[in-house]
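Okay, structure first, notes after.
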Amino acid sequence: MEIISRHQLLTISIIYQIGTTIIFGFASGAGRDSWLAVLISTCLGTAVVWIYTRITHFNPGLTYIECYPAQFGKLLGTPIAWLHPLLFLYISGRIVADIKNLVPTTILPGTPPWVILLFFMLVISYGLFAGIEVMGKLTEIILPIILLIYLIEVILIFSSGVVHFDNLSPLLDKGWGRIWEVVWPLGIIQSFGESLALALVWTLMNERKRVGRTMIISSLFAGLFIAFTDALAVAVYGEEIFKRATYPMYALIQAISVSDFITQLDATGVIYFCFMAFLKTYIYLFATIRSIQKLTYSNSSRVFIFPVVLIALFMGLTMAPNVVEHIAVVQKVIPYNPIYLSLMIVFPVLLFLVSWIRNKSGTAAS
Amino acid sequence: MRDYIWPWQSNVMMKHPWALPILFLILAVILSFVTWFRSKHAPQGQGQEQQ
Amino acid sequence: MVQKIQLEHNYDYILSGNVTEDLNQFKTIFDNCIDIKFREFDIHGARKGALVFLSGMVNMQTIDFEIMKPLIESDERLFQESAAELNDSDIQNIIENRLLFSSQLSWFEDFPDIIEHVLSGNVAFLLDGLQQVLVINAKDWEKRTVEEPATEAVIRGPREGFQETISTNISLIRRRLKTPQLKMEDMKVGRLSNTQIVITYLEGIVDTKLVDEVKNRIGKIKIDAILESGYVEELIEDNSFSLFPQVLITERPDRVVGNLLEGKVGIIIDNTPFVIIVPGTFFQLLQSPEDYYQRYFVASAIRMLRFFAVLFSLLLPSLYIALTTYHQEMIPTMLLISIAASRETVPFPAFIEALVMEIAFESLREAGVRLPRPVGQAVSIVGGLVIGQAAVEAGIVSSPLVIVVSMTGIASFIFPSFQLGLAFRLLRFPMMIAAATFGLYGILMMLLLLLIHVLRLKSFGVPYLTPMAPLRISGLKDVIVRASWLKQSTHTGELKSQRHQNPFNRLRQRQNK
């Protein structure tokens, strides 16, 4: 049985939740108030994550997936549980497609995308084979490096003299409307609903009681991080460009130009993104494999690695012919897609209530 | 019609957004049968993963 | 208990007490071994005896003056003291206490044991009528003087290095730890070589499970001969397939002692000066004992330099290839222009260029090892420069590349552990291939692959990248910088369980409580 420590869970969650939003952002619709939208999403999202952790708390010993059949009965609970690995698989396919649309267009224009993705999936497979313990150690080592690189980026941005804080004001002159548009449902789903996949990891932590606290710390930190980056992006580019940018954060790195010496560091941004995407995909595939393992009562998870990776690769390759369509799906379809909403918000809330009530009556009776 | 085979593709998701949820539901029900079949393999210690 | 020798045939012979018969048995077994000598004698015509020894491994003076001389000059009446027949123990008593001058003797009756002792350089003393044989220690052979280890020179620190004779090595360690807590247990490995292996540890500091595991693994070795510690290393490692060594190899006694104080186990092997220390972690392999002898600021700075050297030796050529092939925009413009200018005459792409230069450099280095010492150093350096210069002028490589390759080479010499340096040297090549195919993305993926692999490694149960992952802040004090002695952790002897949590707490400083 693998065990990860609290610190490892923290580092995994932080990197995961900062994840791909650091490049795509979800709040560009809110213009210059995006950072505010992010902060609000953070508060609400942290509450959602807390609900997830409470569910595992009320069902001791069971992974998140097993709570559904346990609480809702086998007939209803098992199909709901099965929806999760399918969703996770789809989302990991999305991230693979993200890479397919980003890397060949920015840093490796001559290389066929399937080779790039194949390499990616190979490393992911090795990581899956090695186990989550190894990934925990990996993130432990790499998180400080990531933060350091980010700090250097920020310093370089300020040194490039492109930051204009007056871009950020006036605040809220277009009203709260567009903020709410972004926060619900996209904001909550994008960074915090996706933490659902982390729930499969929680049972492997060595101090179960501290899971909730760890996740709250990580969610808040990630939210602040993204809010800051958003604000910086607006400060550099102004509202209009920010709203139209395909990759708002990536655009930030493109702005670095220190005395003509350090310029054009786009590739670093892409590499940064690749690593974040790597971890997110890893966690999603790990969650998928673990869910399938639990739902089919198998002893070993290794047998599922190959098919799951292959399916994710195939989906990613065929998902979107270009980045515009891909992002359009995120903006227009996903927020209203019943799968996302139900799995990430509706069902957990129900599960939480049911588990809570059962737990209360259980302790009252005994 | 052919679109329905690839419901995760972005163009399909835009035109028929309900295709993916339906696919998931169908798969979930089918796979639940797998769980039901495999329930005999359920180890006795099921659920005692972490205390 | 001394482990039994493993002999090829089963010598089931029981000593009869008749010297002629026993001697014949010896002669048959040692047939065609001209270095085995037999010295038959009789004591004043009353009793017959014989000596069996290996001529190249015994001290002739000892035999002549301490065994033969007292025998021949002994009092005639020695064996005629009482009218009754002297029994065996009386005779043994007489020989031990009144006849021979040696300080190390013992009686054996097991025939294979006696063969083993003779082969180890002892003298076997047979006496008519006795069914036991006296084994006398007279070992002496040609050995190298104790000199500075060739592969681990330091500027400040003792210049003693291990040798091929195991007793000398043991004494080098013993001199530095004058405590009965320092234990030395021995084992014999190798069907034909019967090499003596000594396991050493500090009782009370080491985890006994570790010692047991070490003994277990060594005991499982089934091999004909152990010629060097490398054999043992490969056979007891957790994962011998990996490029990274999971044990520490050293020629320096002070390094061994330092590690013993941290609760590690040392494995000394006869006939080789290289001692194995287990468990070995990545950061231990990057440390040099000199770090502890220099002032701590200096030592910390040098440690940081070493970290950069690690990164350079792995990544520099790959970065060069990736940046010049795929990401030219990242290089500052002036530098880009000069690189482009010098690469204009080069007919190959950056990858081939780098590959050729790297292979040439590695060949030079290997060749330098085989050449006699004064010539070898000069050839490596001069060869590198001259060939590099000539290659640039011929237009085969560009001068920035020569700089890159030589800096990489220099960086790889900074590794205190030769084996780790080798691992990184080899890893450079897949990294270059990844950089040539996928640019920076390839470097990232390759690094991740490498990192995942290294994180999976364990050495005798200890994760390879301790104390960085799993993160132990207290252990980091000794990894990134060398904290001064005042700030190093203290050790309270009874906290063995805590030590299992922090396996490599620095234990050298005890604060007087």
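Placement of Cβ uses the backbone N, Cα and C atoms for every residue, glycine included.
Residues 34-35, 37-38, 41, 95, 98, 102, 135-136, 139-140, 142-143, 146, 182, 186-187, 190-192, 194-195, 197-198, 201-202, 205, 211, 214-215, 217-219, 221-223, 225-226, 229-230, 233, 242-243, 245, 247-250, 269, 272-273, 276-277, 279-280, 283, 327, 330 of the same chain sit 6 or more residues outside the transmembrane segment (A:9-28) yet have a Cβ under 8 Å from a Cβ within it. Taken from TrEMBL, the feature transmembrane segment covers A:9-28 (among others).
Per TrEMBL, transmembrane segment is recorded for A:34-52 (among others).
Residues annotated as transmembrane segment in TrEMBL: A:72-91 (among others). Beyond the ends of the transmembrane segment (A:72-91), by six or more residues, the same chain brings 65-66, 194, 196-197, 284-285, 287-288, 291-292, 295, 308, 311-312, 315, 339-340, 343, 347, 351, 354 to within a C-beta distance below 8 angstroms of the stretch.
Residues 96, 99-100, 103-104, 135, 138, 274, 278, 281-282, 285-286, 289, 302, 305-306, 309, 312-313, 316-317 of the same chain lie 6 or more positions beyond the ends of the transmembrane segment (A:111-129) yet place their CB under 8 Å from a CB of it. Taken from TrEMBL, the feature transmembrane segment covers A:111-129 (among others).
Under the heading transmembrane segment, TrEMBL lists A:141-162 (among others). Long-range Cβ contacts of the transmembrane segment (A:141-162) within its own chain (Cβ-Cβ under 8 Å, at least 6 residues beyond either end) map to 11, 14-15, 232, 236, 252-253, 255-258, 262, 265, 268, 272, 275.
Counting residues 6+ beyond its ends, the transmembrane segment (A:182-204) has Cβ neighbours under 8 Å at 1-4, 9, 12-13, 16-17, 19, 21, 26-27, 29-30, 34, 37-38, 40-42, 44-46, 48-49, 52-53, 55-56, 61-65, 84, 88, 91, 132, 211, 215, 219, 222-223, 226, 280, 283-284, 286-287, 290-291, 330-331, 334-336, 340-341, 343-345, 348 in the same chain. The feature transmembrane segment is assigned by TrEMBL to A:182-204 (among others).
Residues or ranges marked as transmembrane segment in TrEMBL: A:216-238 (among others). For the transmembrane segment (A:216-238), same-chain residues at least 6 beyond its ends with a Cβ under 8 Å from one of its own Cβ atoms are 10, 13-14, 17-19, 21-22, 25, 27, 31-32, 34-36, 38-39, 41-43, 45-46, 49-50, 154, 157, 162-165, 167-168, 191-192, 195, 245, 248-249, 251-252, 255.
If you look up TrEMBL, you'll see A:270-289 (among others) marked as transmembrane segment.
Residues or ranges marked as transmembrane segment in TrEMBL: A:301-319 (among others).
The transmembrane segment feature in TrEMBL is assigned to A:339-357 (among others).
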### Message
Under 8 Å between C-beta atoms and at least six residues away from its ends: which parts of the chain pack against the transmembrane segment (A:34-52)?
### Response
25-28, 64, 168, 171-172, 179, 182-183, 187-188, 190-193, 195-196, 199, 212, 215-216, 219-220, 222-224, 226-228, 230-231, 234, 242, 344-345, 348-349, 352
